[in-house]
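Feature annotations, reproduced from TrEMBL:
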SIGNAL    1-19  signal peptide
ACT_SITE  His57  active site
ACT_SITE  Glu111  active site
ACT_SITE  His115  active site
Amino acid sequence: MRFFIFILALQQLYVQSVAQDFDFFYFVLQWPGAYCDSRNSCCYPKTGKPAADFGIHGLWPNYKTGGWPQNCNPDSEFDELRVSDLMSNLQREWPTLSCPSNDGVKFWTHEWEKHGTCAESELDQHDYFEAGLKLKQKANLLHALTNAGIKPDDKFYEIKDIEKAIKEAIGFAPGMECNKDSSHNSQLYQIYLCVDTSASNFINCPVMPHGRCDSRVQFPKF
């Protein structure tokens, strides 16, 4: 019996050590116009077409040395009831464009079980999703870009000007990821902001993501 308890204790310590082993978060925001303009499978959620704004892709624990932990606690499953008070905000700010059209639960389940469980030493499930919603509001990227004259109007903009506008708004340089549409235009796709382990404050990125963008990129309509 004592041996069994000892094994359980070791397993719990292992889960805790894995969950605590990260250095910062990537907070990733996605432009829906670029997602839908470059994929064959773009479907609006059951709640309807999202607003023409950046949507949350995820809040991902990462290592300063590169790489990331994932699927840290298989016993911690996504539970809609734990985020029931956030549901309308999640549908609006953290939507999915995957097909077939769905209610977003599968997407949030994936984000929690792959990424969120690796931050449980800092954030429980409710805190994790609430932190993402607060960070989006705090960053307010579309406002920052439009104030700099950079609008989702299918025109092309200097990537350095996009980076400058975001840095001036949040205080730190972003990571950028672009994709290609069917005409091979480089499009603004995802923006990576680095956040401390409390998921409260933007910080300098210890390591930048490996996204690629041309010097001029299209900001597609949505």
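Any Cβ shown, glycine's included, is placed from N, Cα and C.
A sphere of 10 angstroms centred on the C-beta of His57 (active site) encloses 22 other C-beta atoms. Cα separation, His115 (active site) to His57 (active site), rounded: 11 Å. In sequence order, Gly58, Leu59 are the residues near Glu111 (active site), counting only same-chain partners six or more apart with C-beta under 8 A.
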